[in-house]
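For reference, Swiss-Prot has these:
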- 1-11: compositional bias 'Acidic residues' (COMPBIAS)
- 1-37: region 'Disordered' (REGION)
- 19-29: compositional bias 'Acidic residues' (COMPBIAS)
- H146, H150, H156: Zn(2+) binding site (BINDING)
Amino acid sequence: MTVEVGADENPDFAHDETDGAGDESDDEDAQGRDPELDLAVQYGDEIGDAQRKSLPKRKVIAEWLEPAIFSDTQFTVRFVGADEGRALNHSYRHKDYATNVLTFAYGEEPDGVTVADLVLCCPVVEKEAREQGKTLVAHYAHLLVHGALHAQGYDHERGEEDAAEMEALEIDILAKLGFPNPYR
C-alpha cells in the first residue's frame, strides 16, 4: 500500500538515522553500474528488545531489497507495533486498522535517487504468516520487496494488468532470494 507524501508532510520518523550506504545489487542501472541502496532501520516504541532481536537485521534486509531496486534508493525501514501501525494507516489512508506494510513514497530526488519509508507492523505480519502457513522470514522478505516495488511506482491497485506485473516481479525476485511464491 503506497502513501504519497509530500516533503512538507514527512512523518516524524523519516530518514533520521542512516545505518550505512552504498550496498550493491546485481542489477545495473542506465549508467552501467549497480543501483545503490542507502538503508536505515528503525524500531517503534512498541518494539521491545526481545522482539527487536527476532526481527531481520539490516544486512539481511539489504540483501532482500537489493534485487528489488532498479535505481539508487534511500529507504528507511521501520518496524512498529499495532498502535503506531494503526495511527499511521488512519492518518495517511483514513483506514482505522493496522496493515502489514505501508510505503511512504517521497518520489525521486533531482539526482535520481528514489526516497521512501517502508513501515512494517510486526503484529500484523506475524499474524498473517501464521494464518497463511508461511515462515515469518519469508513473509517479511515478501513485504519488504512489495514495499520497495511500491516505492518505485508499481501499484497493484491500479488494475489487473498492473497487479499481475507487480506480482510476477515479486515472485521472480523472491525466487532469486530462495523464497517460495508468496501467492500460493
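Keep in mind that glycine also has a Cβ here, set from the backbone N, Cα and C atoms.
Feature map: annotations from Swiss-Prot on the structure.
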{"residue": "H146", "record": "Zn(2+) binding site", "Cβ neighbours (10 Å)": "25"}
{"residue": "H150", "record": "Zn(2+) binding site", "Cβ neighbours (10 Å)": "23"}
{"residue": "H156", "record": "Zn(2+) binding site", "Cβ neighbours (10 Å)": "18"}
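In this structure, H146 (Zn(2+) binding site) is part of a helix by DSSP.
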